[in-house]
Amino acid sequence: MYSAAAAASAGPPRRDFISITLGLEEAVGVAGYNNSKAWRRRSCWRKWKQLSRLQRSVILFLFAFLAVCGVISYTNAGEVWKSIRNKSFDDQRTEQEIPRLKLANPAVIPAPLKAGANREDYPELSLQKPPKLPHVRRGPPNLQIKAPRRDMRLKSRHDTMRAVEELVEVDKVEKTEKSVISWRGAVIEPDRSTEPLSSKMIQAEKPSSVEAEDQKELVPINERQLAVIEAFRHAWKGYKDFAWGHDELKPLSKSYSEWFGLGLTLIDALDTMWILGLKEEFEEAREWVANDLVFDKNVDVNLFESTIRILGGLLSTYHLSGDSLFLEKAKDIGYRLMPAFMTPSKIPYSDVNIGRGTAHPPRWTSDSTVAEVTSIQLEFRELSRLTGDEKFKKAVDEVMKHVHTLSGKNDGLVPMFINTNSGQFTHLGVYTLGARADSYYEYLLKQWIQGGKKENELLEDYMRAIEGVKKHLLQRSEPKKLTFVGELAHGHFSAKMDHLVCFLPGTLALGAHNGLAADHMKLAEALIETCYQMYTQVETGLSPEIAHFNLHAQEGHKDVEIKPADRHNLLRPETVESLFYMYRFTGDKKYQDWGWEILQNFNRYTRVPTGGYTSINNVQNPSNPEPRDKMESFFLGETLKYMFLLFSDDIDLINLDKYIFNTEAHPLPIWVPA
Ligand code: DMJ
């Protein structure tokens, strides 16, 4: 309003915006606001008006340009500032956390978990920097097992190329994830492995080997180990394609069989995958355990078999991986198996319905098998240690104490059956180191070692039993004079030896390694030779289920004879298991060579092209070994695991001074004294 009037009285027409401004200035001046600032503004304005249009445009352009630059640099400065602020926050955090992270693991590894705890409960994990990959929380973190290395010297032999290529793939996957997960590769530090076992039961325990020692020199995987990895993958392919989540693969009919309906093969194989470094397979199996393994089922399971395979498998996988999922599942099955001990004698029944919580003996008898009731101790004792719930240990210790006092033994050798009502041995007079008694002897020694070599009754029973073996069961065959372990039935010696007995050389060697009589080692050496001959004297190079030894030299006869009913091979582990112990304790390469021959013969006669391996009916017929169409879970749980360990030169790949294998080859920690 004002400016328009002023413009009208000011003479020649001017551009509107100038007129308006002037009018305003005039108005302000009229109002008496006339200080030097206003004057300076007016004088600047006059100068501006004196400039040409081109000059004004250049100046405006320069202003605009400077303004844009100003905005850009402001934004950058903001980012830099932000990062400086964050960095200083990170630095503070790192300073406080370095000691803790170092303790947990020098690589970026989830911290060890307390039993029953979830990883999510550990806020410091989320502070660790790179956890972007989806598997970081549950991925196998570390171990005393070395990851395959790129500097492995691989021979380019044609028959191992495929295995090599596959391994390179594994290595690639590992490489991409290395920044997040240290997949295997550490040793348990003795002071970390376990708490002492006190009479007052132990507080919740952390897994033994989650804390790693990444500094240790890595031992390269060799060609034979690669062949085992290849064999495992082939077996796993069959299981995955045709039997996923079921108990056993039937590789020929491309289907499966159920025993307990609990994914037996998958659970049995978990720690093998870990040890072999098969990360993808492990992850997939872990998903199945997390989402599909349910024990609340109306199903009868055998106490012994489900303890050694399922409970043992879950506990060892928990120890190796540090993943609390496996401990939770172990607890679940552990509690569900406890009704088996509710018998008049406290000697457990053979069968338990894990959904209903009921237990019973087999239909035809109230007896249990001696090996079964005395070979569940390592697992239940460990479960007590981990959970702090004494009842598991109490139940199984009571069985051992009771058996310790029983009459009916023969120089430490036990009969095969025990009655769940009376608690007495039955079917007296038959003594074997084979089926139904075998792992009683194995667990005497192993419990003694597990508990820190303090439980003297166990040692006494073991030492007495080995004396009993020497006195009653050892004989030499002809023509090679092989030392073998026969059987005694009511005073009559039988020159019959189950393949199952081939666990004995390994157990004897383990005892000798733990300070027991040196002649145990001598016996172990003789017996492992015999077990090897049970393979090498047979047409396929695979052992029969039962061998009969010739006690008298006969023209054209070897030491090993096989009866038609005994000439099957179930892919059993015992010989390879003992070869592993023998190699570990002697370093004699012949044991590795023998194992290598056995692996090649498994590949020759039991491998099914479409995936999996099969038991066979006739080890004496190389042109038709008569496949049985079944892959036992222990082939993955035990046989291939022991092969892999046998071929390794890394004594820290499951260090035998830190771990004790259960009878299904699942390593559990040896309790370390305080
Ligand atoms: C496995 O289940 C165990 O090794 C058990 O102690 C004996 N039988 C099989 C393997 O042969």
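Please read every residue number as a count from 1 along the shown chain.
Cβ atoms are placed via backbone N, Cα and C, with glycine included.
Annotated features in TrEMBL:
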| type | residues | note |
| --- | --- | --- |
| TRANSMEM | 57-77 | transmembrane segment |
| REGION | 194-215 | region 'Disordered' |
| ACT_SITE | E305 | active site, proton donor |
| ACT_SITE | D438 | active site |
| ACT_SITE | E545 | active site, proton donor |
| ACT_SITE | E574 | active site |
| BINDING | T663 | Ca(2+) binding site |
Rounded distance in angstrom between the Cα atoms of E545 (active site, proton donor) and the residue listed as 'Ca(2+) binding site': 18
Recorded positions whose CB lies under 6 angstroms from ligand 1, from E305, E545, T663: T663
Distance, the residue listed as 'Ca(2+) binding site' to E574 (active site) (CA atoms, angstrom): 10
E545 (active site, proton donor) CB neighbourhood, other CB atoms within 10 A: 20
Separation of alpha carbons, T663 (Ca(2+) binding site) and D438 (active site) (Å): 10
Pairwise CA distance, T663 (Ca(2+) binding site) versus E305 (active site, proton donor), rounded so that it is a whole Å: 10
Chain-internal residues, separated by at least six, CB under 8 A from E305 (active site, proton donor): W259, F260
CB contacts for T663 (Ca(2+) binding site) [other CB atoms within 10 A, all chains]: 27
